[in-house]
Amino acid sequence: MNLDQLFNEGLAKAQANNIPEAIKKFNQVLLLDPSHKSSRVNRAIALGKNQQFEEAAKDYSFLISMEPFHAQHFGDRGVCYHLLGQNEKAMADFDKAISLEPNNGYRYASRAFIRERMKDHKGAVADYDKAIELDPKDAISHNNRGMILERLGKMEDAQKSFKEADELHQPQRSADHEAELKGAEEISVKSKDGKVAIAPKKKKEQKKAAKAPKPNKQEHQLMVPAEEATKAETVTMGYLFSTLKSIVTDPEIRTEFMLFVKSLFVKKK
């Protein structure tokens with residue numbers, strides 16, 4: 001069996017969320033070729049998903065030895081160190097990532113997120129300020145800065161940040177609502193023989209479907225900063241935090257990263 005086949009099998013296992021088997025496949029590739037970067041990256045991701053943070057950090061260290069100027073590897077290892085309680089090492093890695101990419105707002109937002117978890121609220125606000133300066137359309141940073149300002153008792157400033165975040169999210173809400181309206185005039189109907197047909201909705205149902213969702217004033221919560229992943233390198237998975245071959249900072253794409261890192265911060269029962 002060749003390396004590409006083993007690697008692709010590992011990706012397939014990861015896609016199916018069979019993380020232990022994915023790790024085994026990536027192990028096989030790396031046993032044959034320790035410098036197989038895609039397997040190293042994806043094994044680190046899989047180890048992180050499996051909460052094996054020490055082993056994941058070792059993979060990122062190996063990647064750093066291969067690519068010492070790759071900011072993402074430092075950021076990813078920093079997350080692992082933080083989850084291991086090694087915050088001094090974590091901050092050193094985030095600082096290094098910023099030094100390599102000083103004009104990438106995502107780097108500051110990432111450090112801000114960890115600083116907030118370390119109760120360094122003022123440092124987190126300063127980093128979110130910088131992230132927003134570099135990327136004014138970063139709704140997540142506006143939201144998170146608002147959360148921290150609220151905790152610091154700066155309610156007026158917090159509300160300004162929340163307002164900015166809500167306005168930046170509004171276009172997506174509008175697009176979602178437009179899609180909802182588009183389907184509001186039809187409804188699926190299952191007949192006695194099991195066939196599904198599309199029937200027009202009654203006027204009352206159309207009116208109900210057409211109502212725009214009301215904004216929830218209590219919806220603000222701390223969100224994980226996100227960045228576009230290079231999908232050819234990932235385990236399908238733009239939502240895994242350490243898969244970039246090159247750094248992309250498209251402000252339109254910020255959600256997939258949240259799902260993975262949030263899962264890391266949930267303790268096993």
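Each Cβ is built from the backbone N, Cα and C atoms, and glycine gets one as well.
TrEMBL does not curate its annotations; it predicts them automatically.
If you check TrEMBL, you get these features:
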- 160-195: compositional bias 'Basic and acidic residues' (COMPBIAS)
- 200-211: compositional bias 'Basic residues' (COMPBIAS)
- 160-219: region 'Disordered' (REGION)
- 3-36: repeat 'TPR' (REPEAT)
- 71-104: repeat 'TPR' (REPEAT)
- 105-138: repeat 'TPR' (REPEAT)
What DSSP reports for the repeat 'TPR' (105-138) is 27 helix, 0 strand, 7 coil
For the repeat 'TPR' (71-104), what's the model's average pLDDT?
-> 96
Residues in the repeat 'TPR' (71-104) grouped by DSSP into helix, strand and remaining coil | 27 helix, 0 strand, 7 coil
